[in-house]
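Working notes, structure below.
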């Protein structure tokens, strides 16, 4: 009976550990590289970087700066 409880407990511990690994790799923090919005935690993918509050206007401003206009 003791062997059965130990093996069940070990099995459950492995399941919990695997769930924690998946949850910690679920999303990227602000400032990390991304390709899609779902990769970012509480932010969106803005020009390849997770950013909070990225708008099309900010993207337009960066584009104008790259062409030397203000």
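Any Cβ shown, glycine's included, is placed from N, Cα and C.
Under the heading disulfide bond, Swiss-Prot lists 27-41, 34-46, 40-50, 45-54, citing similarity to another entry as support. Feature annotation from Swiss-Prot assigns signal peptide to 1-26.
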Practice problem: If we count other C-beta atoms within 10 Å, could you say which of the disulfide-bonded residues 34, 40, 41, 46, 54 has the fewest? | Solution: 41
Practice problem: Under 8 Å Cβ to Cβ from residue 50 (disulfide bond), same chain, six or more residues apart: give me those in sequence order, or none if nothing qualifies. | Solution: 28, 29, 30, 31, 32, 33, 34, 39, 40, 41, 43, 44
Quiz prompt | Which of 27, 45, the listed disulfide-bonded residues, has fewest other Cβ atoms within 10 Å | solution = 27
Practice problem: Give me the Cα-Cα distance between residue 45 (disulfide bond) and residue 27 (disulfide bond), rounded to a whole Å. | Solution: 11
Quiz item: How many whole Å apart are the CA atoms of residue 54 (disulfide bond) and residue 46 (disulfide bond)?
Solution: 6
